[in-house]
Amino acid sequence: MESKRMEEPYFTFGIIADIQYADMDNRFNYLKTSMRYYRNSLTQLKAAVEEWAMESIKPAFILQLGDIIDGINTKDKSSKTALERVLVEMDKLPIQFHHVWGNHEFYNFSREYLNGSKLNSQARGDRIDRGGGTSENGEFNDESFYAYHFSPCPKFRFLLIDGYDLSPIGREKTSPKYDIALNLLKEKNPNEDLNSPTGLEEVQFVLFNGGISPSQLDWMERVLTSSDEKEENVFVVSHLPVHPDAADPMCLVWNYPEVLSVLQSHPCVVGYLAGHNHEGRYCMDPYGIHHLTFSGVIETPPESRAFGTMYVYEDKMVLKGRGLVEDRTLYYRDPKNKAERH
């Protein structure tokens with residue numbers, strides 16, 4: 001009986017990415033390389049919700065990794081209707097969702113709208129040293145970034161970061177960060193179509209990606225330093241991947257080397273979870289951090305699935321994937337590696 005208890009996880013959580021729902025017929029993606037199943041993405045979400053509800057160990061929460069509805073909804077002004085349809089399905093599960101924001105959130109809505117919507121799950125995070133999307137008097141602050149952290153269990157923490165902190169699509173034109181982002185993008189990408197990586201040495205500098213500002217990097221440093229001191233295991237979560245071996249290089253955070261440097265310098269970091277690259281990829285970097293990019297629901301054929309449940313143990317996390325998401329056993333960083341600073 002004791003051994004059985006020892007095998008039980010500390011907690012579990014669900015993961016789903018790039019639902020990109022729209023009430024539209026199937027069509028090819030931007031690059032014409034794969035089919036997008038717009039209506040079926042809602043069916044895929046329903047299947048995930050039903051399975052999570054039936055699991056013997058109920059997930060403590062669900063990570064929704066961004067791009068919850070597709071930007072195509074703006075063509076017939078159906079963004080709010082599409083979002084409501086998705087949220088209705090999510091609300092059928094009596095479990096909290098933690099949302100990150102991707103490029104399609106910003107195709108459909110302003111940052112201010114998102115801040116006041118159900119896609120702002122900051123209130124579910126710790127109130128100490130949070131990234132914040134509001135000023136001290138409670139008013140919306142467009143210069144802030146959407147990021148927070150929470151601890152579902154002692155010795156474990158999740159840090160959600162804003163990959164579109166520096167981005168022309170993630171900021172209003174009146175924002176100083178908009179000008180900084182646009183100037184940087186045009187400096188790196190001379191193409192007329194800023195979504196095109198043609199001829200670029202740094203192919204991540206396209207409009208559908210974004211960057212992490214110095215202020216957010218400083219905030220991440222503070223949170224991770226605190227977690228180092230507490231000897232916590234930290235999962236960092238974002239829409240955009242940060243490791244070239246865990247995604248198509250065209251899908252990375254603009255300043256991914258800076259972000260990686262921060263993550264790899266903190267022994268508390270055990271994993272980085274992302275979406276955006278719909279085919280999904282995985283790697284473990286030289287510091288023992290697991291970089292897991294989840295397959296996108298939107299490009300998952302109707303006969304398959306694309307979601308997973310992570311089981312968290314003292315020394316490892318075990319992913320039970322469905323369909324395109326593979327099962328994986330991911331051990332935490334070796335104590336010797338943890339002691340080495342970047």
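Backbone N, Cα and C define each Cβ position, glycine as well.
Swiss-Prot lists ASP67, ASN103, HIS276 as Zn(2+) 2-binding residues, and of the candidates HIS239, HIS243 the one it assigns to that same site is HIS239. Among the candidates HIS149, HIS266, HIS278, the one that Swiss-Prot lists alongside ASP18, GLN20, ASP67 as binding Zn(2+) 1 is HIS278. Other Cβ atoms within 10 Å of the Cβ of HIS276 (Zn(2+) 2 binding site) number 28 in total over all chains. Of the recorded residues, GLN20 (Zn(2+) 1 binding site) and ASN103 (Zn(2+) 2 binding site) place their C-alpha atoms 11 Å from one another.
Close to ASP67 (Zn(2+) 1 binding site) in the fold, though at least 6 residues off in sequence, lie ALA17, ASP18, ILE19, GLN20, GLY102, ASN103, HIS104, GLU105, HIS239, GLY275, HIS276, GLY296, ILE298, each with a CB less than 8 Å from its CB.
Neighbour list (HIS278 (Zn(2+) 1 binding site), Cβ cut-off 8 Å, at least 6 residues apart, same chain): ASP18, ASN29, SER34, SER295, GLY296, ILE298, GLU299.
Note: the Zn(2+) 2 site is recorded as ASP67, ASN103, HIS239, HIS276; in the same chain, ASP18, LEU65, GLY66, TRP101, GLY102, HIS104, GLU105, GLY163, PHE208, LEU240, GLY275 also have Cβ atoms within 8 Å of that site's Cβ centroid. The secondary structure of HIS278 (Zn(2+) 1 binding site), as reduced to three states from DSSP, is coil rather than helix or strand. Same-chain residues with CB within 8 A of the center of the ASP18, GLN20, ASP67, HIS278 CB atoms, the Zn(2+) 1 site residues themselves not counted, are ALA17, ILE19, GLY66, ASP70, GLY102, HIS104, GLY275, HIS276, GLY296, VAL297, ILE298, GLU299.
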